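*Asks:* Residues or ranges marked as disulfide bond by Swiss-Prot: CYS31-CYS40, CYS377-CYS385, CYS484-CYS530. Positions annotated as active site, proton donor by Swiss-Prot, on the basis of similarity to another entry: GLU519.
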Amino acid sequence: MASDIDQKDVDYAAKNLKLTTSLVANKPKDCPPEAPWGACYRVEINLENTGSKSLNENVEIYFSSIHRTLGSKSEEFKVEHINGDLHKITTTEKFKGLKGGKTKSFQVDFMNWIVSNSDFMPNYYVASEHLEGRNILNTVPIDAVHITEEVSGFTTGIKHTPNQLKRTANDLLPAATATTRYEQYSKVKDLGADAVSAHILPTPLETSVHEGSLNIAQGINIVSDALPADQVEALNFRFETLGVNTGTGVPVNVTIKADSSKKSGSYTLDVTSSGIRIVGVDKAGAFYGVQSLAGLVTVGKDTINQVSINDEPRLDYRGMHMDVSRNFHSKELVFRFLDQMAAYKMNKFHFHLADDEGWRLEINGLPELTQVGAHRCHDVEQNKCMMPQLGSGAELPNNGSGYYTREDYKEILAYASARNIQVIPSMDMPGHSLAAVKSMEARYRKFMAEGDVVKAEMYLLSDPNDTTQYYSIQHYQDNTINPCMESSFVFMDKVIDEINKLHKEGGQPLTDYHIGADETAGAWGDSPECRKMFVAPESGVKNAKDINGYFINRISHILDAKGLTLGAWNDGLSHKALDASSLAGNPPKAWVWGTMFWGGVDQYNSFANKGYDVVVTPPDAYYFDMPYENDPEERGYYWATRFNDTKKVFSFMPENVPANVEWMTDRMGAKISATTGEKTHDFLGVQGALWSETIRTDAQVEYMVLPRMIAVAERGWHKASWEEEHKEGITYTSNVDGHEGTTHLNDNIATRDADWAHFSNILGYKEMPKLDKAGITYRLPVLGAVIKNNILDVVTEFHGVAIQYSLDGKTWHKYDDTKKPQVSTKALVRSVSTNGRTGRAVEVLAK
């Protein structure tokens with residue numbers, strides 16, 4: 001750029017520019033011909049110079065867009081894609097200046113569509129050449145859980161009109177409104193607090209409720225030599241959080257009695273007038289028995305029901321995945337996350353610590369991984385940080401920056417162990433590895449400058465002579481580790497060794513290591529290092545398509561030599577040569593994430609039949625970065641499904657994936673079909689997953705995960721009577737939302753809905769007050785309501801949650817269903833927690 005710009009010009013622009021955006025339309029009539037499937041959307045950007053000086057023409061504005069630009073419609077402004085979601089606005093030779101007090105507007109096209117306000121990424125920033133970047137002040141997000149409020153400083157968001165709410169003409173899904181929610185939630189009966197007081201989540205195998213109750217006003221005292229001290233401490237913390245004293249009061253006798261006929265984690269719990277007795281078949285069972293005792297507690301009550309429970313887990317693996325790479329989240333959040341996992345008997349924590357956007361774990365001997373790879377700021381050379389992504393902005397600190405020290409990680413391991421949770425670390429490779437690649441390139445440059453070629457090349461992950469051109473699914477062009485270089489395996493061996501040491505020091509020996517294994521289509525083809533392998537018969541690699549299989553096989557031997565089991569996403573294991581028996585070591589684990597409508601239905605059984613231990617992780621049911629409902633005011637991506645509400649999570653039958661098609665549609669609401677194939681092996685378990693691209697704060701994590709996580713815990717622990725058994729050769733077709741399909745599930749739908757009513761009543765009356773006591777910012781239900789005959793009628797998704805209404809948007813009143821208020825025109829309604837936190841308010845209009 002020209003030399004007539006300095007840091008003062010950048011600072012002035014960031015301070016005095018007011019940048020706002022608005023959606024013009026999804027799929028305008030003149031989409032550029034290069035738009036994939038002819039789909040694009042158009043955004044208007046307004047630049048207002050609120051200062052007195054003219055804007056320097058050499059100032060550049062950077063911003064994040066998860067969809068790649070198709071170009072500007074303006075003659076004065078150019079918009080170009082940089083890498084990932086990072087884009088840049090520059091002026092053209094036709095730019096006529098932007099004087100103080102003036103505004104310029106222009107329109108930009110992007111690929112695909114936009115129907116959630118979380119697609120509007122914050123922290124536009126100003127920069128030029130190697131000057132320091134500065135965030136444009138009005139685009140800095142407001143600290144809020146609700147997305148529309150968070151981005152309200154710079155975007156008007158998506159309007160409730162067809163050309164903005166609908167992605168294409170084939171989008172059949174109705175928008176969520178107060179009326180549609182009313183119609184849905186009115187079908188769920190309010191059972192009342194007394195009816196669910198003796199019931200817990202996840203649902204036990206057998207529960208007998210007896211007459212009478214046990215007073216625990218003085219507290220409970222866990223008496224056990226069977227449980228280690230750290231687990232007793234964790235359990236006491238659970239009770240104290242719920243307001244129950246520990247170390248005094250009613251004795252809780254906990255013992256272990258081995259029984260080989262029962263599953264690990266099985267237990268019995270007896271609450272009688274004389275005391276409490278828990279017998280586990282092992283330490284896990286004893287621990288879960290005490291958690292079930294906590295489940296009997298109703299916040300604010302001094303008594304629990306007298307019951308007898310005989311219980312065992314349905315599936316061995318009951319997990320949650322948390323991505324801290326896209327946006328970093330605090331150690332304290334991880335602790336709270338583990339607390340809630342333990343409360344609902346989840347036992348596997350899939351900890352996603354490295355991806356394109358960040359490396360989050362300190363690795364001894366490789367400081368660049370956290371010095372560079374753990375931070376995002378404006379550094380074109382990427383010697384001190386990664387370039388901004390996902391609206392992280394130019395300035396430090398930000399939500400895209402941070403990492404766990406070695407001591408932090410060991411604390412997390414100890415905290416998880418005390419809650420009977422295994423931590424499964426995941427560093428994504430060879431794809432999704434930009435942070436690692438750029439960190440090692442920075443290391444390379446540092447040692448080359450010192451003249452130490454051996455050190456420089458020791459851990460290098462990229463071939464500097466590779467001219468391959470590709471785009472990853474997130475629009476990166478350089479995010480893939482090169483498996484044709486020996487230094488890549490030296491790096492991975494080093495990382496795995498260091499993580500292995502951390503687990504030993506943290507008291508939880510490493511057994512499973514998740515390598516991600518995502519493949520970047522189109523990578524490596526023009527790498528000279530790879531071309532050497534293509535002509536070497538002993539390599540077994542004939543072309544670029546064989547490289548990922550070679551990589552997986554080689555990593556399996558590295559892990560096996562260390563006594564570790566390989567885990568990976570199923571797409572990375574899809575190479576034709578990669579049956580489980582072809583890989584070294586124990587049967588590998590495959591986390592299968594096929595969607596219902598992209599042919600993913602068949603992948604679950606297919607990988608199990610190949611000998612993999614399958615963890616069921618369907619995006620269109622168990623991905624919690626998807627919105628709760630079809631409303632632009634709900635945060636989340638929607639590439640797999642337009643919404644995953646709690647009932648949908650609850651209803652998903654994990655052991656017969658094709659059968660779910662009968663009550664589901666594709667992401668546009670169209671009919672889908674699936675046929676059950678051969679299934680020779682049972683699945684290992686289930687996992688909910690949180691990817692954090694749109695989730696910047698700890699509170700937003702809790703909002704997106706809970707209460708949906710409890711529904712995954714329910715399906716992982718308890719097999720419901722209404723779940724369809726797997727039978728080969730049965731075809732299922734959508735029979736919902738106006739589609740006439742198969743009716744295999746008809747007899748079970750009413751039973752499922754009654755079970756949902758029971759589950760949701762327990763959530764509202766018992767579990768949400770417990771989450772309040774724990775300080776969890778879970779999603780309060782958005783209400784359904786209508787005004788009929790001048791009477792306001794309001795319903796909630798979870799009975800037991802308090803409701804408020806307002807006639808002026810300022811004064812709020814408690815809603816009493818027995819004395820429904822008179823309203824002539826409109827009202828606002830919202831839910832409110834037991835500790836005074838309020839849910840998203842919605843407007844209700846009289847018909």
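Heads up, the Cβ atoms here are built off N, Cα and C, so glycines get one too.
Quick one: where do these features end up spatially?
*Replies:* DSSP assigns CYS40 (disulfide bond) to a strand. Every protein chain shown contributes to the tally, and the Cβ of CYS40 (disulfide bond) ends up with 25 other Cβ atoms within 10 Å.
The Cβ of CYS377 (disulfide bond) has 22 other Cβ atoms within 10 Å, all protein chains considered.
Every protein chain considered, the tally of other Cβ atoms within 10 Å of the Cβ of CYS484 (disulfide bond) stands at 23.
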*Asks:* Is any of the disulfide-bonded residues CYS31, CYS40, CYS377, CYS385 within 10 Å of CYS484 (disulfide bond) (Cα-Cα), and if so, which, in sequence order?
*Replies:* none
*Asks:* At the Cα level, what's the spacing in Å between CYS530 (disulfide bond) and CYS377 (disulfide bond), rounded?
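*Replies:* Computed Cα spacing between CYS530 (disulfide bond) and CYS377 (disulfide bond) is 33 Å.
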*Asks:* Run through the Cβ atoms and count how many others sit within 10 Å of the one on CYS31 (disulfide bond).
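*Replies:* That number is 20.
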*Asks:* Compile a sequence-ordered list of residues in the same chain as CYS385 (disulfide bond), six or more apart from it, whose Cβ lies below 8 A from its Cβ; state 'none' when nothing qualifies.
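*Replies:* Listed in sequence order, they are VAL372, HIS375, ARG376, CYS377, ASP379, LEU396, SER401.
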*Asks:* How many neighbouring Cβ atoms, not counting its own, are there within 10 Å of the Cβ of CYS530 (disulfide bond)?
*Replies:* 25
